[in-house]
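Since the structure comes first, as structure tokens, the remarks are kept for the end.
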Amino acid sequence: MWLAAAAPSLARRLLFLGPPPPPLLLLLLSRSSRRRRRLHSLGLAAMPEKRPFERLPADVCPINYSLCLKPDLLDFTFEGKLEASAQVRQATNQIVMNCADIDIITASYVPEGDEEIHATGFNYQNEDEKVTLSFPSTLQPGTGTLKIDFVGELNDKMKGFYRSKYTTPSGEVRYAAVTQFEATDARRAFPCWDEPAIKATFDISLVVPKDRVALSNMNVIDRKPYPDDENVVEVKFARTPVMSTYLVAFVVGEYDFVETRSKDGVCVRVYTPVGKAEQGKFALEVAAKTLPFYKDYFNVPYPLPKIDLIAIADFAAGAMENWGLVTYRETALLIDPKNSCSSSRQWVALVVGHELAHQWFGNLVTMEWWTHLWLNEGFASWIEYLCVDHCFPEYDIWTQFVSADYTRAQELDALDNSHPIEVSVGHPSEVDEIFDAISYSKGASVIRMLHDYIGDKDFKKGMNMYLTKFQQKNAATEDLWESLENASGKPIAAVMNTWTKQMGFPLIYVEAEQIEDDRLLRLSQRKFCASGPYVGEDCPQWMVPITISTSEDSSHAKMKILMDKPEMNVVLKDVRPDQWVKLNLGTVGFYRTQYSSAMLESLLPGIRDLSLPPVDRLGLQNDLFSLARAGIISTVEVLKVMEAFVNEPNYTVWSDLSCNLGILSTLLSHTDFYEEIQEFVKDVFSPIGERLGWDPKPGEGHLDALLRGLVLGKLGKAGHKATLEEARRRFKDHVEGKQILSADLRSPVYLTVLKHGDGTTLDIMLKLHKQADMQEEKNRIERVLGATLSPELIQKVLTFALSEEVRPQDTVSVIGGVAGGSKHGRKAAWKFIKDNWEELYNRYQGGFLISRLIKLSVEGFAVDKMAGEVKAFFESHPAPSAERTIQQCCENILLNAAWLKRDAESIHQYLLQRKASPPTA
């Protein structure tokens, strides 16, 4: 499953110029201790106790589900008939299954060759989402058929079997019936053994209006009139392979499609809203290239005869990897050649790559339990980049990985309220919590590090061994390590257990000494903490694959080592005194680096003259920013380094810089010198803005388009005069139809005119939103509405967020945009959430969207008492699936407050001094 992209302003990141003198170190340690004591006083340092939970008993298990469902698209109900071939493993007089929001009408069990036994009682355990069917006599070991007739509701909660609203080309509002079962919602569509390890085959039939499209995991094998109603047909699908319940899917609605065959002969279709088949062509092209790529990479064929990719109007996640029928948000699948921007094309390519990887890694071989979810999601989040790099080498996608995934994971994992990659999961309410940046982005980052450590050849060999051994079965993390260890001969389990079973990651401190023609490096590792130096008694240790490069050849490692102890000395042969030495080539190792002053000084010219590769320039800046954020160095030192990026040409490096300056801007919005940091932003971004201009030049490509949008948006938001004037001119022409804005310029222009606009601007924007036929354009507008500054208009935007005009899954980005737009917006968004909590919580029913809403809305606060207020609110308004997110948000608020207290004055003085004597480029 792909979680929908969070707002780009999601708080990001956190090195050190050298070992501080002992008094300063003591001060830092005591500060760090005080911050931890503050966390404990607010009760933020420990997660609440887990709810008691038991997995289903193993005395009865399914072999095959024969399932017929008849959805009513007007009354929003469905009737179901289940005949499950089951095996009774030990004698019992009851069958326990998962069941939620379903009413069972009749249930019986027919032992093979014996008489039917009718259930005499259905005991629903709603808390645990289970039902116990009681029988008057004992069911003896052997096989039989469990028959259940039931009814359920096509809910509006975007989980289970639910309804999704769409508008026909003629303007009529209608509903489709669609599914989203991961993690634990198949039980809302039919009573089942809803655990990933309880696999079975499925024979699915859907009884639907004859003018509707009906889809499921497999191909259609029969379509016949329904006896009681000539307007209805029964559509029967082929039997599935052995699979988990969370991967079952069905869709009933109105769709067009485009199709092709992959070079391996698999039928690939992309289903789109009616009249928009053209918008499915890009995803179709990506899917048709991706299937053979994975088949060759894993050396295992795709096991189904077809794969459908379908755009669903109301969809909580970004996409879901149902075997053979992958469901997507419209914006994660549809591309309009004229109206889609470059970043949307890239997003679609990544999401398609992610979900199709799951067809092998997750669907063919499935995690044994949700504890191993990271294996599914971390792996798919890594290999999607490998796939996109194969399909679109011009995207420079691996550099983008560092900014989008690696640094995001490090930011979260530096918190005291992070969690290990592998989390013991019990009750269903705990599963949603681990669909986060640790499972996805840290998981992907450590797999990237592992792939680099093993080498591609042995990695592929190990993957093939793993998939072949466990196909149609379930596996745990240890099983993958064993396969990779056998393929590579390296101590994979020993290394990787240090990364998956404990939370956090190391800070590697390095200092150098020239000894004749050689360079001696002294390395030490310590846990990196967002609150400052680690102060615990027993510091965790990692087995860290470390690469070391020098200025002699900045793109290849001079040495590779495995650091398996707290301290280590390394001698680099033949390194001249004038050459720099850098750790973590390509920013692949999941650690931060803290250089001695002399080593850092020697590296900085490599930023200005671009002799350091882009991903290493990015990593160096990001490490420095994070150390400043943690209070280990002064933020002023980082601002000075940021000014060295004046010649920077790389989009991703700018994107990361922009993100970090955004975090700093949000922090300084709590001061009275917010405008000064905007002046700094303008100074940093103006030269690249002037070089790029507004219009594409001949020979430019994908990354130039992304960079232009980023830079113009940054300058416009900061109030850069020339950018603001040009944005207003182009917006006026766009609205009047004289010159339509290119898709890549719309976000920066919309943001700029709104930030510096009035009620009329907002009204025009809302009108554009209403007129937009494409969901991408609606989302583009929704994300920037929060930039408006007037309290009255902010309230109007918040009210709009809950209106019928905004799809339920997109309300979160509207409210999050308001919270990230200004200091007043942050306060207004938090009040709005409190005032409308019941409606919002009911809408998202504890899914991950509620966690995202909370995170986007409160994380920008920087006053101690706000952490207490947030904590108190959620104590009286529980959100079980967001408990960890709430703890992390409160911790971040306290960290922001400490950062502001520590560095605000020195930042202010530096910005004033810059104003008085501007630096020369």
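Cβ atoms are placed via backbone N, Cα and C, with glycine included.
Features as listed in TrEMBL:
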ACT_SITE  GLU355  active site, proton acceptor
BINDING   HIS354, HIS358, GLU377  Zn(2+) binding site
DOMAIN    62-247  domain 'Aminopeptidase N-like N-terminal'
DOMAIN    282-499  domain 'Peptidase M1 membrane alanine aminopeptidase'
DOMAIN    580-893  domain 'ERAP1-like C-terminal'
SITE      TYR440  site 'Transition state stabilizer'
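The structure, with features from TrEMBL marked on it.
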residue	record	CB count, 10 Å
HIS354	Zn(2+) binding site	29
GLU355	active site, proton acceptor	29
HIS358	Zn(2+) binding site	27
GLU377	Zn(2+) binding site	27
TYR440	site 'Transition state stabilizer'	26
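When the alpha carbons of GLU377 (Zn(2+) binding site) and TYR440 (site 'Transition state stabilizer') are compared, the span between them is 5 angstrom. Looking at HIS354 (Zn(2+) binding site) and TYR440 (site 'Transition state stabilizer'), their Cα atoms lie 11 Å from each other. Per-residue confidence over the domain 'Aminopeptidase N-like N-terminal' (62-247) averages out at a pLDDT of 95. GLU355 (active site, proton acceptor) is 13 Å away from TYR440 (site 'Transition state stabilizer') when you measure Cα to Cα.
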